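Asks: Dumping the structure here so I can ask a few things about it.
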Amino acid sequence: MVSEFPGPGSRVPWRPRDEALRVNVGGVRRLLSARALARFPGTRLGRLQAAASEEQARRLCDDYDAAAHEFYFDRHPGFFLGLLHFYRTGHLHVLDELCVFAFGQEADYWGLGENALATCCRARYLERRVARPRAWDEDSDAPSSVDPCPDEISDVQRELARYGAARCGRLRRRLWLTMENPGYSLPSKLFSCVSIGVVLASIAAMCIHSLPEYQAREAAAAVAAVAAGRSAEEVRDDPVLRRLEYFCIAWFSFEVSSRLLLAPSTRNFFCHPLNLIDIVSVLPFYLTLLAGAALGDQRGASGEELGDLGKVVQVFRLMRIFRVLKLARHSTGLRSLGATLKHSYREVGILLLYLAVGVSVFSGVAYTAEEENEGFHTIPACWWWGTVSMTTVGYGDVVPETVGGKLAASGCILGGILVVALPITIIFNKFSHFYRRQKALEAAVRSSGQREFEDLLSSVDGVSDVSLETSRDTSQEGRSTDLETQAPREPAKSHSY
């Protein structure tokens, strides 16, 4: 805190104490009265007005023009206009043109505390300041923007910059973009169509395999046949489906190995959910081969051990259903759904909690009213009825017969409608946000041509340094420009407050 009055024995003050203060904030010039500033001596301008020397005053501003007696501040001019209103009324209002964090930084710089905020703006400011900074407010029903997140684009550019020092980096980068971005080029679109076709063919083959006329023998029977030394032809699958399965596995293995070899970062490759889905889609096939080899080596094993290995083989085959998740790489909706579930764990938890409470309450009521009827003999048995009723599925396998049971069922159904509808609305809004955001990002990539996109990626190494130097030069030259061209010397053009 700078002393408000000069010390004893000092010479003539460097400026009259009651002289108006001439300030220039980001090109906005104002003349402030000493009496208005004296009302708030703890603020930066109040301390500047009471400065005992020019040296103390220079510590409080960015620059000082001794000839014009003008103090320069390289700060936001819009906030300065709100600051003038504060010196007139004693209340500070939040500006919509500034985010809450930038507003807080400006307020701290000028020496204003939270008590200076007007009552109409204080609650909104504190609520937004406590919230964690996110790309968008997760607690808000209306997303603020659907523009692509700059952080996501920066992460992609940072990863692609690794190709600059790699061997055959330009070729690897082009192949990587072809495999990862369906809208990057015509070959990438063809590759995406082939990949989708292989995934659909694999799923269709798995479904056809379950039909009786195409279904292979049960795994346990096949193991027993091999153990008995009978022909292996008796236990093989349909040859057409088997060849189709081999082709799909070969394609999936090619995709995984190619992405692994072309990936800019191996560590980030194994952390990406879509890459893990690709690995899981081919892993059951190779595990089945290992299990088959183990079965071949255990011809003398007991029937129980062979039956257990046969069940393991069945589990591995069942894991092929995860191949349908590979479509998420080529579907904007599936990727948006995954992002929605990732950012909606609170709402999903609340939904499950509401359902659990409702099922427990209404199951107890139904057990009391329908204890003698079949299906309601225990409270855990009533949980199935409560879950089906609250989710409004209504299989009808268990039906209450008494008046009390029917009333409980009515309350359970109505409560389920309300309980499920509330969190679902929030989840749907988030899905809409992520979907529009993903579509906007894809549109931004498609709008730029392939050559422009390549030039952008090839220059990503020098973008940061050039931007940094440019911003420094601009910040250093901007203030002199304001002082020389935008700051007239005539006091008559300054506004007095």
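Cβ coordinates come from backbone N, Cα and C, glycine included.
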Asks: Quick check on PRO400 and PRO239: does Swiss-Prot annotate them with the same topological domain, i.e. the same side of the membrane?
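Replies: Result: yes, PRO239 and PRO400 share a side in Swiss-Prot.
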Asks: For the topological domain 'Cytoplasmic' (331-345), what does DSSP give as the number of helix, strand and coil residues?
Replies: 13 helix, 0 strand, 2 coil
Asks: Could you give me three numbers for the motif 'Selectivity filter' (392-397), the DSSP helix, strand and coil residue counts?
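Replies: Going through the motif 'Selectivity filter' (392-397) residue by residue, I get 0 helix, 0 strand, 6 coil.
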Asks: Counting only residues 6+ away from its ends, which parts of the chain sit with a Cβ under 8 Å from the topological domain 'Extracellular' (368-379)?
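Replies: Tertiary neighbours of the topological domain 'Extracellular' (368-379) are 385, 397-398, 400-405, 408.
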Asks: On the 0 to 100 pLDDT scale, where does the topological domain 'Cytoplasmic' (1-186) sit on average?
Replies: 76
